[in-house]
Amino acid sequence: MKATTTAVALLVAAAAMAAQVVAEQCGSQAGGALCPNCLCCSSYGWCGSTSDYCGDGCQSQCDGCGGGGGGGGGGGGGGGGGGGAVEAVVSKELFEQLLLHRNDAACPARGFYTYDALVTAAAAFPDFAATGDDEARKREVAAFLGQTSHETTGGWATAPDGPYSWGYCFKEEIGATASYCVPSAEWPCAPDKKYFGRGPIQLSYNYNYGPAGEAIGEDLLNNPELVASDPVVSFKTALWFWMTPQSPKPSCHDVITGQWTPSSGDIAAGRVPGYGVITNIINGGLECGFGPDDRVANRIGFYQRYCDVLGIGYGSNLDCYDQRPFNSGLTAAQ
């Protein structure tokens, strides 16, 4: 959004086209190579951990590396550990397909957001993409990438491959001049530091940088630049926001995994389970409760594209047009 308004007019040559020619990764198609991280090698030479990879025709590591690893995706809840839950839902090649144009020459964040950085960051949040059945896990990844893609989009209406193929084009707010510092005894601003939007969720304000840094073991009040210079830290801040409830708001994770039960006050305010409540959590004060809004529609567009690629349904209540915003509190993006 901060990045979005600047990026709408982004025009690029059609150089980085959708034709991704990616060589097979394993098995007979790749000289007998094994998949990394104990993933299964499918009959077609691709690495993954779902039944499509580990089932009929699997060439190697079909039961993981000596039992316990690998597996066939799905199953009940529980933590993934080691970032494996994300890997089980989204392979590296699928990640490249979802965030198709993030490394385009016109994107300021090109080369920054990597699959390995996401997997490493997710290891610090073992419940992410590890709660519920296979469809629920995929839906959480689609929702997370959908919301963060809107925050970092470089797309426009007639962009190559459509506007929803241009997530993760930005890593920090463009043209920020304000410090985004709110006086706080608990999270005091450091001299000469600015807390404008950075990273996938466009983390903003000292009262977000402080607790996010504390949670992930980084001093982000004194070093807010880390969110735009270290891709693992960057993803960790977004996942921290996603996984952490901030009363009266539930966590995005609890909403998308069906673990949030709205109160009578929530129901009266139109806040019912679904993707729309996540938009309300992130930026409801500016986007929700005012009727149709292009920003809300953009968030939905990304989410729907990712659900389509992952082969899952969207669920209900996708927008927040008629929802009253939560009380002012955590505001990750403007």
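Using N, Cα and C of the backbone, Cβ positions are placed for all residues, glycine too.
Marked as active site, proton donor by Swiss-Prot on the basis of similarity to another entry: E151.
The disulfide bond annotation in Swiss-Prot covers C26-C41 (among others). Other C-beta atoms found within 10 angstroms of the C-beta of C26 (disulfide bond) number 25, with every protein chain shown included.
Summarising the annotation, Swiss-Prot assigns disulfide bond to C35-C47 (among others) and lists sequence analysis as the type of evidence. Counted within 10 Å of its Cβ, the other Cβ atoms near C47 (disulfide bond) come to 26, all protein chains included.
Sequence annotations record features per position, and here Swiss-Prot assigns disulfide bond to C38-C65 (among others) based on sequence analysis.
When secondary structure is read from DSSP and collapsed to three states, C40 (disulfide bond) falls in the strand class. According to Swiss-Prot, the disulfide bond annotation covers C40-C54 (among others), on the basis of sequence analysis.
Residues or ranges marked as disulfide bond in Swiss-Prot (evidence: sequence analysis): C58-C62 (among others). In the three-state DSSP scheme, C58 (disulfide bond) is classed as coil.
C107 (disulfide bond): 25 other CB atoms within 10 A of its CB, across all protein chains. Summarising the annotation, Swiss-Prot assigns disulfide bond to C107-C169 (among others).
Cβ neighbours of C189 (disulfide bond) (same chain, under 8 Å, six or more residues apart in sequence): S179, C181, P183, Y195, N206, L221. According to DSSP, C189 (disulfide bond) sits in a coil region rather than a helix or strand. If you look up Swiss-Prot, you'll see C181-C189 (among others) marked as disulfide bond.
Neighbour count (other Cβ atoms within 10 Å of the Cβ, all protein chains): 29 for C320 (disulfide bond). The disulfide bond annotation in Swiss-Prot covers C288-C320 (among others), and the record cites sequence analysis as its basis.
Looking at the domain 'Chitin-binding type-1' (24-64) alone, the prediction's average pLDDT is 73. For 24-64, the entry in Swiss-Prot reads domain 'Chitin-binding type-1', with the evidence type sequence analysis.
The signal peptide annotation in Swiss-Prot covers 1-23 and is backed by sequence analysis.
The most crowded of the disulfide-bonded residues listed here (C40, C169) is C40, judged by how many other CB atoms sit within 10 Å of its own CB. Using a 10 Å Cβ-Cβ cutoff, E151 (active site, proton donor) registers 28 neighbours. Across the disulfide-bonded residues listed here (C41, C54, C58, C181), the residue whose Cβ sits among the most other Cβ atoms within 10 Å is C41.
Shown are the disulfide-bonded residues C62, C288; the one with the most C-beta atoms within 10 angstroms of its own C-beta is C288.
In this structure, the C-alpha atom of C107 (disulfide bond) lies 14 angstrom from that of E151 (active site, proton donor).
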